[in-house]
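According to Swiss-Prot, the protein carries these features:
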type: BINDING; residues: ASP28, GLU30, ASP285, ASP375; note: divalent metal cation binding site
type: COMPBIAS; residues: 592-601; note: compositional bias 'Basic residues'
type: MOD_RES; residues: LYS213; note: N6-acetyllysine
type: MOD_RES; residues: LYS492; note: N6-acetyllysine
type: MOD_RES; residues: SER523; note: phosphoserine
type: MOD_RES; residues: SER543; note: phosphoserine
type: MOD_RES; residues: SER569; note: phosphoserine
type: MOD_RES; residues: SER573; note: phosphoserine
type: MOD_RES; residues: SER575; note: phosphoserine
type: MOD_RES; residues: SER605; note: phosphoserine
type: MOD_RES; residues: SER609; note: phosphoserine
type: MOD_RES; residues: SER613; note: phosphoserine
type: REGION; residues: 551-612; note: region 'Disordered'
type: SITE; residues: LYS319; note: site 'Interaction with poly(A)'
Amino acid sequence: MEIIRSNFKINLHKVYQAIEEADFFAIDGEFSGISDGPSVTALTSGFDTPEERYQKLKKHSMDFLLFQFGLCAFKYDHTDSKHVTKSFNFYVFPKPFSRSSPDVKFVCQSSSIDFLASQGFDFNKVFCSGIPYLNQEEERQLREQFDEKRSQANGAGALAKCPVTIPEDQKKFIDQVIEKIEDFLQSEEKRSLELDPCTGFQRKLIYQTLSWKYPKGIHVETLETDKKERHIVISKVDEEERKRREQEKYTKEQEELNDAVGFSRVIHAIANSGKLVVGHNMLLDVMHTIHQFYCPLPADLNEFKEMAICVFPRLLDTKLMASTQPFKDIINNTSLAELEKRLKETPFDPPKVESAEGFPSYDTASEQLHEAGYDAYITGLCFISMANYLGSLLSPPKMCVSARSKLIEPFFNKLFLMRVMDIPYLNLEGPDLQPKRDHVLHVTFPKEWKTSDLYQLFSAFGNIQISWIDDTSAFVSLSQPEQVQIAVNTSKYAESYRIQTYAEYVGKKQEGKQVKRKWTEDSWKEVDRKRPHMQGPCYHSNSFTAAGVLGKRTLSPDPREAALEDRESEEVSDSELEQTDSCTDPLPEGRKKSKKLKRMKKELSLAGSVSDSPAVLFEVPDTW
């Protein structure tokens, strides 16, 4: 079901009903871009730590807009042994509620827009008909403004006891307004008077003056023309009629506030249900959803984890599930489209699914990929097929595994990390995996270097894997850890490049953080303000500059790599990543404190809980 601004309110009860009845939900988002700086390859480095990946996405991806949100609710019909679905495709856009409401700035990435356009995406439905939204802080501020405005209006009695001080340059204007109102009140024919459009300050003076001069007998309100011009309308009313109009105005303003909260109400309903939320490669979806509809992401990864669990108590990533035993050996491609096709084949059994009455059905043969509602739908199908496969391995077999089964608990709250070679997931409920990286080197070099140059440099060390960090640094993984020190020693006298172990790289990075923290703790803010920003002794991955050009060194790339394209041509789009990625693929690819988290937890009456007891049969491995 397509939901835009014009039909959002009339269909909101259907959305709430679907959420209330569902066993679980599948979600998906479409964005205005992926990365505002580094290429997608650099954004998803193969040796990122979970903290580094979070910081990269937070810094380079959150200024894009999630402008289409897909939600598919799944409910199992025990009578007919089938899943009944209700799919929604929401177009979302942060249209300002009023002149005082947030005017959101966002960025677009040309490759992402071009790709969505090629898929038939209707951008007019976003920008002309998108559903507005507010995050919790924006909603709170608007409600405070509304309450303050009403208290000022209701407190006019206090102001009415004394005349209003009118600036000299506005006295003539106010005198003319009072003269018009006096003539209006003397007239028996006119029931209302429209004043000419004026400034906000002049309207305020009019309100205050009329509250003092005419405490009874008139009703004053501000209306807006089609040209967005605001003017005051004055009506003759008795006290009973005045109170009735004031109540109507209050009700209308409350309704407009709820309309401004808009799509966020759907996210709040999903969160408050406490039910399982399924996504595919869903880290960005979760980050954008929290960032846009709740609050800006915290600076610290651990705070983000708390916040994510607070908003969505149970998350499951089908990409991680498909990349884990017992699926890993029988599923070769975990991109969403290919996964959906594979799960229709032996040994899997595709589920029986039917759309609820009044909801359009999707045909997987038509492959409406990159429509968020359709992607959410097939994500849910993939989850059901894999969950039922786990059930088929039991003795006796269980043909239908519910969203509350302990069989799938090992996959809860672990989000797939794209292209990280040895850390498959971000663990929202505890510490992340810390693999040994004693076979990994950190290399800095001139920005002219290409992938082929690195392959030649390490040609004596056998098979290697390269993961670019930026234009002047990369991680190189050797096949044998004992060769690491040899490689480091060979670079001691090199002028154009530098090699250090992964442990040394991390140590210097931590040292830099400690120095930076010490400056803050010692309150050297005055010094910092008076002179240009100076970095601590941290060894930055992009700080190495070659003493000279390559000079007479002649690079002869290994024949195996002769066909390699230049580094610049290796950037790939998000859609290409989705087509080729796997967790073992060697290809490179305002802070809120705990008080705010507690307040969020209090505001969100989250139903349901995640059991701490692990499943016995299947476990997401601690090592990869």
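Don't overthink the numbers, they just go from 1 along the chain as shown.
Backbone N, Cα and C define each Cβ position, glycine as well.
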Other residues, Cβ within 8 Å of ASP28, GLU30, ASP285, ASP375 Cβ centroid (divalent metal cation site): ILE27, GLY29, GLN68, PHE69, GLY70, GLY279, HIS280, ALA372, ALA376
Neighbour-count leader, CB within 10 A, recorded positions: LYS213, LYS319, LYS492: LYS319
Residue among recorded positions LYS213, LYS319, LYS492 with Cα closest to the Cα of GLU30 (divalent metal cation binding site): LYS319
Euclidean distance between Cα atoms of LYS319 (site 'Interaction with poly(A)') and ASP375 (divalent metal cation binding site), Å: 13
LYS319 (site 'Interaction with poly(A)') versus ASP28 (divalent metal cation binding site) - Cα distance in angstrom: 13
Local backbone state of ASP375 (divalent metal cation binding site), from DSSP in three classes: helix
Length of the line joining the Cα atoms of LYS213 (N6-acetyllysine) and LYS319 (site 'Interaction with poly(A)'), in Å: 69
Neighbour count (Cβ, 10 Å) for ASP285 (divalent metal cation binding site): 25
For ASP285 (divalent metal cation binding site): DSSP state (helix, strand, coil): helix
Which of GLU30, ASP375, the listed binding-site residues, has fewest other Cβ atoms within 10 Å: GLU30
Distance from LYS492 (N6-acetyllysine) back to LYS319 (site 'Interaction with poly(A)'), taken between C-alpha atoms, in Å: 42
Three-class DSSP secondary structure - LYS213 (N6-acetyllysine): helix
Assigned element (helix, strand, coil) containing LYS492 (N6-acetyllysine), judged by DSSP: coil
All-chain count of other Cβ atoms within 10 Å of ASP28 (divalent metal cation binding site): 28
